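Data block below; observations after.
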Amino acid sequence: MAIITTDSDYYTHRYEVIIPFVVSTIDCIVGIIGNGFITVIYGTELVRSKRLPTGEHLMLMLSFSRLLLQIWIMVEITYQLFFPMIYNHNAMYKLFKTISVFLNYCNLWFAAWLNVFYCLKIVNFAHPLFLMMKQKIVVLMPRLMSLSVLVSISLSSFFSKDIFNVYMNTSVPIPFSNSTKMKYFFKTNVLNLAFLYYMGIFIPLFMFIMAAILLITSLKRHTLNMESSTTGSRDSSMEAHLGAIKSTSYSLILYIINALALFISMSNIFGAYSTWNSVCSFILTAYPAGQSVHLILRNPGLRRAWRRFQHHVRLYLKR
């Protein structure tokens, strides 16, 4: 059984707390504004019309899950840096980690379904299974999203058991001094953590990769058809393929980086106030923020809504 034990001082230098907090706060503010904006736009449309197209409904759920994730990360960082006695209580520590994993699972599932949905809309194959999925995806998507949430709850619940343990020692001697200090010790079962964590992200990551492969294969076939029948210039179908491939690749690469950062952070390989742990915190807060900006920039409707929002903000500030 692979166990990693690390420690964290109760008393730390001020810069070790303030700098990571400021950087993470900036990331979180950007992410909360971006994901909150998308959630409000599509949420308002859902209330007004009582229903949304499947793609917009997926974007609503994805942005809402990222908004919750961003808020939760901000709360966790605040407690970790400024209220360590509360955060490092064994039950509270497990609660923070379990909810973080659950929100990350939901985030990945919704992003995977969004990419699969647009892949099915763009790609054309004659295989019977593919044609059936293309016809049924709109009807099945609400059930698939609900199933994804249930799977995320089930898998993340295991993280509240025998993976993390925190205990405190109030009488750690200070070298060259007669006094003592308080230290928190973290024990992490890395084998169980790795097994459960990667088991939870395997299927949606596989869906991401398959969507990218199908898009690339379809684009290659479409390009060959164009070269044999026309001058080879781009058409709307090729533009749609290229846009979907770029978006899927961007999301996949960012999520892999985010997944590695989350695993390193939860495994407690580095100390709570170490440089590498601060880098992981920066990645975890920057990922939802960057994805929200990406969604707004690639969607014409959201871009127009964002310009209107900026216009209203400027008018308000001029009053």
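Think of each number as a place in line: the chain as shown, counted from 1.
Each residue, glycine too, has its Cβ placed from N, Cα and C.
Topology check against Swiss-Prot: TYR93 and TRP276 fall in the same compartment relative to the membrane.
Recorded stretches compared: 18-38, 67-87, 196-216; the one with the most Cβ pairs under 8 Å to the transmembrane segment (277-297) is 18-38. Helix, strand and coil content of the topological domain 'Extracellular' (88-98), in residues and according to DSSP, is 9 helix, 0 strand, 2 coil. Long-range contacts of the topological domain 'Cytoplasmic' (298-319) within the same chain: residues 37-38, 41, 59, 243, 247, each at least 6 residues beyond the stretch ends and with a Cβ under 8 Å from a Cβ of the stretch.
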